[in-house]
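First the structure, in the form of structure tokens, and then the observations on it.
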Amino acid sequence: MKYTVALVGNPNSGKTTLFNSLTGSNLYVGNWPGVTVEKKEGDVKNTTENITLVDLPGIYSLAPYSMDEIVSRNYLLDDSPDLIVNIIDASNIERNLYLSTQLMELDCPIIGVLNMMDVVEKKGISLDTESLEKSFGFPFIKISAQRETGIDELIQMITKNVKKKEKRQMPRIFPLEITTVLQEFDALIQKQHPDVLSNYPMAFRSVKLIEKDEEVLGKISKSTDLLEDINRTRKKIETISGHDVDSAIADYRYRFITKSVKNATKIVRENTDHFQEKLDKVLMNRFAALPIFFLFMFIIYYVSITLVGELTVGGITWFINDILIVNVTSVLGNLGAEQWLIAMITDGVITGVGAVLTFVPQLVVLFIFISILEDSGYMARVAFMMDRVFRRFGLSGKSFIPMVVGLGCSVPGIMATRTLENERERKLTAVLTPFISCGAKMPIYVLMASVFFQTNQTLLVFSLYITSLVVVFVSGFILSKTWFKGADSGYLLEIPPLRVPKLKNTFTQVWQRIKEFLVRAGTIIFAASVVLWFLQSYTLGLQPVESADQSMLASFGMIIAPIFVPLGFGNWVASVALLTGIAAKEMIISTMSVLLSGTEGGFTMALSQVFTPVSAYSFVIFVLLASPCMAAIATMKKELGNWKDFIFALAYQLGLAYFVALIIYQVGSRIFG
Amino acid sequence: MFTLKDLRPGQKACVDSIMVEGIMRRKLMDMGVTPGVEIEVNKTAPFGDPIEVKLRGYALSLRKKDAQNIIMI
């Protein structure tokens, strides 16, 4: 028998960490039919049963306001899992249990997992799980996902509970009078409107109908009879509670929670350690917060680009050119390989793949920094800091989070826009996130900087990031008043406590990103390097060329090259590189190294014949702003959801890139000659 | 009558009623801003808006525009 267990909890409750602990290394990302949102799924380890764990997006309630919430809720309602594992951040227990009171209405067995117990105990607070079980009607267990304590006990508990079929009696959350009203309403629905959502759990159906939940109302044919019944019940609740229905229901839930938590909490000792609060005061000081943020960003790019670059790039390039290629050539030569085969392997594969691999150490360091930013809780603080600024440009502070994620890769960045409630802001952020330079574009800047701007390398790369921020703001301002016009959804954001990131988490995340990069190097870039080498080594008549200018790739590149003449890089090498860059951004340097390999004086020499400093700058600006790679384009299409917005977004990104690069080249070449 | 916006960092008071409209109203309640709950203002953002408050043992940030529609007692 195969069981399904859903992992549900608030954002920031440690869900992903727990998911990884429970499933071990079996993790994979699955695309589910019908819903365009990725859920993670894995098998629970160390158990005698066959249990699949489904990781749902983190949510605060079952209200249908963001895509994340709708996805989680629809999954719980339609796929009815055998068990809900409700992860609760015990250091923020009241707010976390609010979701639990809603999950209780779903008629599905629940286990309450009190996470971050180490933090709670450090604060000198003890929680009584039996008392909580008595109040809530389902069992609780204490764990710390980060320290991996209580995991084995939790697995045993899941194994035991997943097989139980009998229903538990759920406790009464609302006062008796309200419960009576709800029961009467439910009886009325069953009698008068038996076909209304008959497959939904009773308690959930009644509450959602009375709350006039838009998703639920959208699923039924709204007969005037039913609406009248709903309104009559709402009136009753308002009379009893003295509040409107929405605040009454939320209020009752919280009262129930406050009472239950109070019964279960014991303060063992007063805690005096306030280090995190002090650190927060410094980082978020009204005057120092912004300078500190920019200092962090500068340090990140200085360390990963300049420091690590100086240490590694030279060595790796030397190894590839002077050791690998020389030895491979001589070994293959001794084996009697044909000249063309040797050239294909050295000038094609090794040069193309090698050009990308050269930058792996720098990317590793960049990804480590981004992962630390994500885990430490600093990201929410930056959103808080920037909200006022972003609001002026038609976005909210929350838009900043997808953009910081986008510094690593645009794909997860664009997907992170799902946490934005407002459709207009979500789409706008999805269109703007690719303007934030992703990790795969970084090697291009570094390469160009090292050839054309030897002094001030960090400054040049940093100027690109500033440019992309300016473009985001200006575009946000323009688009929010034209294409993506509409009301703003407001801003409400939890500020999590600052946490020391866990090394293991950082490594997992960095490794996953680097692995993707390496897989691309071994597949797409490997294959493309061979094809490119072939296309540039032979003429249209399949004759070997004397110089690459006569190759069929050159003839093709020359057709599109005129488009880029006004931007200063109207040559076939740059044109072909930009085209292959659509597959993956790091292809741009692979392509250029393959195309320019064998030129006298080496790659650097060859590059300075193709570009001038001004046209090199115009080229990197174009690469920075033009539409992202295939994967990000596909993600953007998925998130925008329709062709109209998608085609507009592509046209906007390409048009803007062309326009900005044009200005830079035309103005720059007149100033610097 | 005063609102959440009128509180200075370090001051606290209890919520009387929530006059915010639309989706934001429901979201505030989901996040625990319900009548009777005690809220303390932690800090203001560098640009003067939004503000960060503490309630039910956690930190929440919201804009002054919404804070001025939360009536306190």
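Note that Cβ sites are derived from N, Cα and C of the backbone, with glycine treated the same way.
What TrEMBL lists as domain 'FeoB-type G' is A:2-164. According to TrEMBL, the feature GTP binding site maps to A:9-16, A:34-38, A:55-58, A:115-118. Under the heading Mg(2+) binding site, TrEMBL lists A:Asn20, A:Ser21, A:Thr23, A:Gly24. As annotated by TrEMBL, transmembrane segment applies to A:287-309, A:315-337, A:349-373, A:393-416, A:428-453, A:459-479, A:517-536, A:556-580, A:614-634, A:646-667.
Close to A:Met116 (GTP binding site), meaning Cα to Cα within 10 A, are none of the binding-site residues out of A:Asn20, A:Thr23, A:Gly24. Taking the Cβ of A:Gly24 (Mg(2+) binding site) as reference, residues of its chain lying under 8 Å away and at least six apart in sequence are, in sequence order, A:Gly42, A:Lys45. Note on the domain 'FeoB-type G' (A:2-164): its mean pLDDT in the predicted model is 85.
Take the CB of A:Pro57 (GTP binding site) and look out to 10 A: across all protein chains shown you find 22 other CB atoms.
Highest Cβ contact count with the transmembrane segment (A:646-667) among the listed stretches A:428-453, A:517-536, A:614-634 falls to A:614-634 (criterion: pairs under 8 Å). Contact counts against the transmembrane segment (A:349-373), taken as Cβ pairs under 8 Å, peak for A:517-536 among the stretches A:287-309, A:315-337, A:517-536, A:614-634.
The Cα of A:Pro57 (GTP binding site) lies closest to that of A:Asn20, out of the binding-site residues A:Asn20, A:Ser21, A:Thr23.
Within its own chain, A:Thr23 (Mg(2+) binding site) has A:Gly42, A:Asp43, A:Val44, A:Lys45, A:Leu53 as residues 6 or more apart in sequence whose C-beta sits under 8 angstroms from its own. Nonlocal intrachain contacts for the transmembrane segment (A:614-634), taken as residues 6+ away from its ends with a CB within less than 8 angstroms of a stretch CB, comprise 409-411, 414, 434-435, 437-438, 440-441, 444-445, 448, 451-452, 460, 464, 467-468, 471, 567-569, 574, 578, 581-585, 588, 607, 650, 653-654, 656-658, 660-662, 664-665, 668-669, 672. Residues 38, 366-367, 370, 373-374, 379-380, 382-387, 422, 425, 428-430, 432-434, 436-440, 472-474, 476-477, 479-481, 484, 488-491, 493, 513, 516, 628-629, 631-632, 635-636, 639 of the same chain sit 6 or more residues outside the transmembrane segment (A:393-416) yet have a Cβ under 8 Å from a Cβ within it. Cβ neighbour count for A:Asn12 (GTP binding site): 19 (other Cβ atoms within 10 Å of its Cβ, all protein chains included).
Within 10 Å of the C-beta atom of A:Lys15 (GTP binding site) sit 24 other C-beta atoms, taking all shown protein chains into account. For A:Ser21 (Mg(2+) binding site), the same-chain residues that are 6 or more apart in sequence and have a Cβ closer than 8 Å to its Cβ are A:Ala145, A:Glu148, A:Ile151. There are 20 other CB atoms within 10 A of the CB of A:Asn20 (Mg(2+) binding site), with all protein chains counted. Cβ environment of A:Gly9 (GTP binding site): A:Lys15, A:Gly58, A:Ile59, A:Asn86, A:Ile87, A:Ile88, A:Asp89, A:Asn96, A:Leu99, A:Val113, A:Asn115 lie under 8 Å away, each six or more residues apart in the same chain.
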